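Enquirer: Got these off TrEMBL a minute ago, pasting:
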- A:Lys107, A:Lys143, A:Glu184, A:Asn261, A:Glu262: ATP binding site (BINDING)
- A:111-291: domain 'ATP-grasp' (DOMAIN)
Number of protein chains: 2
Amino acid sequence: MDAATQLPTVGMIGAGQLARMTHQAAIALGQSLKVLAGDPAESAAAVATATVLGDYRDLADLRAFAEGCTVVTFDHEHVPQDALHALAADGVDVQPRPEALLYAQDKQAMRTRLTELGLPQPRWAPVASLADVEAFGLPCVLKAATGGYDGKGVWMVDTPADAEPVLASGIRLIAEERMGLQRELAIQIARSPRGETAAYPVVETVQTGGICTEVIAPAPDLDDATAAEAKRIAETVATALGVCGMLAVELFQTAGGLFVNELAMRAHNSGHWTIEGAETSQFEQHLRAVLDYPLGSTATVAPCTVMANVLGGAPGGPRLDERLQHLLAEDPGAHVHLYGKAVRPGRKIGHVTVRGDDPGLLRRRALRAAHWLQEGE
Amino acid sequence: MDAATQLPTVGMIGAGQLARMTHQAAIALGQSLKVLAGDPAESAAAVATATVLGDYRDLADLRAFAEGCTVVTFDHEHVPQDALHALAADGVDVQPRPEALLYAQDKQAMRTRLTELGLPQPRWAPVASLADVEAFGLPCVLKAATGGYDGKGVWMVDTPADAEPVLASGIRLIAEERMGLQRELAIQIARSPRGETAAYPVVETVQTGGICTEVIAPAPDLDDATAAEAKRIAETVATALGVCGMLAVELFQTAGGLFVNELAMRAHNSGHWTIEGAETSQFEQHLRAVLDYPLGSTATVAPCTVMANVLGGAPGGPRLDERLQHLLAEDPGAHVHLYGKAVRPGRKIGHVTVRGDDPGLLRRRALRAAHWLQEGE
């Protein structure tokens with residue numbers, strides 16, 4: 001609690017674009033986000049005054065950071081469990097709690113828990129040897145149980161020869177069946193310690209090379225029964241796992257219904273559309289949830305909102321500033337979010353959001369805008 | 001231009017709530033607003049990394065601040081003209097230019113220029129003595145030519161005895177007729193150095209004790225001819241005065257038409273509704289304009305948006321944090337903006353915005369929300 005403003009201090013471990021956009025939301029709530037960054041040039045560290053430099057794997061750094069925080073939360077799920085438990089034992093209000101966050105850190109633990117809950121998911125098994133993989137059945141997907149993101153830690157395996165180098169890496173793995181998808185969906189839900197939940201509409205996500213490149217909100221042509229099933233899954237996960245803050249449930253839509261793909265317990269790329277497209281952004285909602293404030297309305301602002309990610313383009317071509325001006329001239333209704341990161345090919349450096357009525361038109365606008373920012377005209 | 005991000009650096013002189021909200025907009029554009037603050041506890045200084053401490057009246061401080069800025073702009077109009085001209089002579093890109101900003105700093109210069117332009121305004125005259133005031137006619141309004149804000153520097157004068165202490169102060173004064181108002185309106189327009197303009201819809205403003213307490217956007221029941229006249233006035237002022245950035249024109253609506261009350265060349269309280277209520281917020285628009293970026297869409301997002309200011313309440317009662325939670329619980333669609341200021345009675349400490357269809361209902365919601373934040377339940 002800040003004595004002058006009479007308002008709380010939220011500490012966020014990690015200083016990427018999620019923390020950067022959370023700082024914008026914190027400002028509106030009268031706060032200034034406190035971030036733990038590895039480097040002062042990180043996305044959020046560049047814009048937030050209360051930046052502490054340190055290593056999120058180091059308990060001493062975490063303890064120093066937590067000092068004075070009303071609550072400590074995350075922009076990634078890479079803080080080790082033992083450090084989280086130590087902080088909680090110190091009396092730090094860590095949200096989500098380590099016991100819940102585990103299921104966003106460890107895919108094997110997540111799959112095991114979802115099996116217990118009877119939630120629909122791809123057939124899966126832990127695997128440690130080629131014999132395990134062959135017993136599971138090829139082709140399949142191998143996933144690192146921990147540490148993966150944006151397509152990293154995921155291997156499409158057709159043959160034993162494909163599987164061998166992955167197994168030889170020594171990484172703890174699970175195998176999952178490859179499902180015939182109609183499309184990928186996601187649903188976000190916020191949950192606060194008092195048990196209040198607030199779900200956003202189901203969205204369609206488009207992945208390119210394992211990276212989310214496009215989100216359409218709400219998911220076009222989604223039938224009511226499937227939307228209700230997605231919400232039931234999200235509420236079950238949030239409540240049964242004791243989630244606090246934002247939860248994103250990535251889903252496969254198949255001819256046989258919905259299956260849970262991944263979980264994230266933080267603001268998520270599939271929710272960036274909420275900044276302009278919903279009454280309450282996922283970033284403000286996460287702050288409200290971890291502070292046990294009442295949650296905000298998740299109603300949509302427009303019939304359709306589309307977000308496209310901007311990836312760093314090939315070196316050369318016009319400067320980002322020039323590309324930005326071309327885009328702004330061409331589409332005065334485009335909402336640009338740049339993350340203040342140095343441009344590297346394939347790196348998420350920003351996103352663009354457009355609102356309107358026609359999903360097809362909005363997708364063309366959003367993709368065109370992202371393309372211009374990425375590669376120039 | 002920041003070498004790592006390839007994006008410009010905007011310097012803002014002043015670190016109040018306008019700079020604070022501009023920092024939020026700068027973050028989306030990939031930037032971090034650089035602010036000149038008198039104190040590290042000021043509203044924007046508390047949330048923006050690139051804060052320089054200094055005195056906006058001191059040329060050496062201004063020169064040091066301007067170093068490395070792509071453009072220098074303002075969250076208030078109190079920087080002395082000679083300092084602005086010196087900066088411009090140094091080659092600093094000051095926007096708006098001192099020659100334009102003068103008309104937002106000096107009401108006598110503004111009235112003189114608007115007279116030349118033939119724009120409708122209250123009858124006025126410079127006054128220096130009781131004889132001048134009596135020649136002008138009582139009752140009237142006396143205004144300090146420079147330095148006034150939020151009702152300060154404005155005196156309602158009925159009798160010679162009312163006028164004497166004001167005249168005795170030695171402040172340079174103008175007298176204006178007191179007009180019979182139907183209501184107060186405001187129009188905001190952005191203008192960039194290349195001459196592009198973008199006007200927002202005309203809004204109704206409600207003043208209490210000289211302080212804007214409520215804004216309804218668009219102004220309810222405004223006929224098309226009056227809206228067009230307001231836009232004509234705003235475009236004439238913006239172009240003829242060479243404004244760059246946001247311009248707010250405060251207007252009196254009377255039985256005899258519109259009359260110009262005040263000008264501001266910056267983001268303005270009458271435009272806070274644009275954060276949620278327009279495609280482009282006034283804060284992003286100001287950044288775009290001073291950078292000579294293409295301007296954003298000024299289209300409204302909802303049929304009606306209402307903003308109510310939160311003023312500091314009497315000491316005692318629940319903490320601001322508790323008041324905030326009551327409000328969030330009661331109105332999940334309320335958009336709260338707190339300025340991170342210590343609470344003092346009558347001080348603007350934040351605002352609340354609601355969107356919807358029914359102006360009457362929205363006004364009740366917004367005023368109730370502001371009242372709760374101000375004084376508790």
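We number each residue from 1, going along the chain as drawn.
Each residue, glycine too, has its Cβ placed from N, Cα and C.
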Enquirer: I'd like to know which of the binding-site residues A:Lys143, A:Glu262 has the most other Cβ atoms within 10 Å of its Cβ.
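Expert: Compared across A:Lys143, A:Glu262, the most Cβ atoms within 10 Å surround A:Lys143.
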Enquirer: The record lists A:Lys107, A:Lys143, A:Glu184, A:Asn261, A:Glu262 as binding ATP. What's the largest Cα to Cα distance among them, in Å, rounded to a whole number?
Expert: 18
Enquirer: Sequence gap of 6 or more, Cβ distance under 8 Å: name the residues on the same chain that satisfy this around A:Lys107 (ATP binding site), in order along the sequence.
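Expert: Set apart from A:Lys107 (ATP binding site) by at least 6 residues yet with Cβ under 8 Å, we have A:Lys143, A:Ala144, A:Ala145, A:Thr146, A:Gly148, A:Ile174, A:Glu262.
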Enquirer: Which three-state DSSP class does A:Glu184 (ATP binding site) fall into?
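Expert: SS state of A:Glu184 (ATP binding site) = strand.
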Enquirer: Within its own chain, what residues at least 6 apart in sequence put their Cβ under 8 Å from the Cβ of A:Glu184 (ATP binding site), listed in sequence order?
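Expert: Looking at Cβ-Cβ distances below 8 Å from A:Glu184 (ATP binding site), excluding near sequence neighbours, one finds A:Glu204, A:Thr205, A:Val206, A:Gln207, A:Glu250, A:Leu251, A:Phe252, A:Gln253, A:Asn261.
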Enquirer: So for A:Asn261 (ATP binding site), how many other CB atoms are inside 10 Å of its CB?
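Expert: Its Cβ has 18 other Cβ atoms within 10 Å.
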Enquirer: Reduced to three states, what secondary structure does DSSP give A:Glu262 (ATP binding site)?
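Expert: In three-state terms, A:Glu262 (ATP binding site) counts as strand.
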